[in-house]
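Enquirer: Structure incoming, see below.
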Amino acid sequence: MKVAFIGTGSMGSLLIEAFLRSGALHPHQICASNRSKPKAELLAKRHPGLRITHCNAEAANGSHIVFLCVKPLDYPSVVTELTDVLNEGQIVVSITSPVGIALLEGRIPSKVAKIIPSITHSALAGASLCIYGSRILPEDRLLLEQLMSSISLPTAIRESETRIASDIASCGPAFIAFILQQWAQEAAKLTGITLDEAVRLGAEMLHGTGKLLTEGGFTPQELQRRVAVPGGVTAEGIAVLQNGLQGVFKQLIEATHRKYDDDLGRLDLLFGAKPGSGADKEA
């Protein structure tokens, strides 16, 4: 099986590295294209046998799976480049949330899927969000999920859930890292602990908490009840969080959705599509 990666920026490179690290793909199975010559050459240098090109059509031609790892506003030009080389038997995977499956199916002959990855895949962990187009066959879905399961937990979602699911699975690591950073900075400022030690303890806490929630049978509510004894120190801290975080996540969700809707509108203009067609609006 040959796999092409159109774009080797932050997420494109991360996926390539993760697939190679997991053993799901070998360098000779990959062809990567990128406008930046140094980035592509660095990948090839690290992984002998990996083929690089600066022509997107060359990378896609003959590949079984084509990952589109470019920025949303670059999609129209990239799709135009690929239209003549893609065929009905290939699977094209978009990793960009605002680009709708129906929009791509209307412009290329290939089977189309959308898979939203996460930085957590570099640790061979986290959930990948999977949405399948109308041309995807059961065996295509199985192939994609087998590939993604080597670096993540493939999770099927509806396209209408793309933004909120991405907030949690894909943006979430940055949100949680920001909270940890703020917590550690205040801990270092107010007590004798060093910033590095506070971050290390927090990181280990997050690792253990994740295991309890995924493998230990705990729900978030059960974990809170187990730790926060009534009248204890943890309960005092929970009370502060309940007061301070009131409305924060509502604002966060509203902000990310506003940006998402703005991206959809700009994509519609670039593709010449009707407003609101950038992604499916399922009920």
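Every residue gets a Cβ built from N, Cα and C, even glycine.
The feature domain 'Pyrroline-5-carboxylate reductase catalytic N-terminal' is assigned by TrEMBL to 2-97. Feature annotation from TrEMBL assigns NADP(+) binding site to Ile6, Gly7, Thr8, Gly9, Ser10, Met11. Annotated NADPH binding site per TrEMBL: Asn56, in sequence order. The annotation domain 'Pyrroline-5-carboxylate reductase dimerisation' is assigned in TrEMBL to 159-260.
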Enquirer: By a simple count of other Cβ atoms within 10 Å, which of Gly7, Gly9, the binding-site residues in the record, is least packed?
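Expert: Ranked by other Cβ atoms within 10 Å, the binding-site residues Gly7, Gly9 bottom out at Gly9.
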Enquirer: Distance check, please: Cα of Met11 (NADP(+) binding site) against Cα of the residue listed as 'NADPH binding site', rounded to an integer number of angstrom.
Expert: 17
Enquirer: Cα distance, Asn56 (NADPH binding site) to Ser10 (NADP(+) binding site), nearest Å?
Expert: 17
Enquirer: Setting Ile6, Gly7, Thr8, Gly9, Ser10, Met11 aside, what same-chain residues sit with their Cβ within 8 Å of the center of the Cβ atoms that define the NADP(+) site, listed in sequence order?
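Expert: Output for this site, in sequence order: Phe5, Gly12, Ser13, Asn34, Cys69, Val70.
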Enquirer: Which residues in the same chain, at least 6 apart in sequence, have a Cβ under 8 Å from the Cβ of Ile6 (NADP(+) binding site)?
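Expert: In sequence order, the residues whose Cβ lies under 8 Å from that of Ile6 (NADP(+) binding site) (at least 6 apart) are Gly12, Ser33, Asn56, Ala59, Ala60, Val66, Phe67, Leu68, Cys69, Val70, Val78, Leu82.
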Enquirer: Three-state secondary structure of Gly7 (NADP(+) binding site) from DSSP?
Expert: coil
Enquirer: Give me the non-local Cβ neighbours of Thr8 (NADP(+) binding site): same chain, 6+ apart in sequence, Cβ-Cβ under 8 Å, ordered along the sequence.
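Expert: Within the chain, Thr8 (NADP(+) binding site) has Cβ neighbours under 8 Å at Ile16, Ala32, Ser33, Asn34, Ser36, Lys39, Ala40, Leu43, Cys69.
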Enquirer: Would you identify which of the binding-site residues Ser10, Asn56 has the most other C-beta atoms lying within 10 angstroms of its C-beta?
Expert: Asn56
Enquirer: So what pLDDT does the domain 'Pyrroline-5-carboxylate reductase dimerisation' (159-260) average out to?
Expert: 97
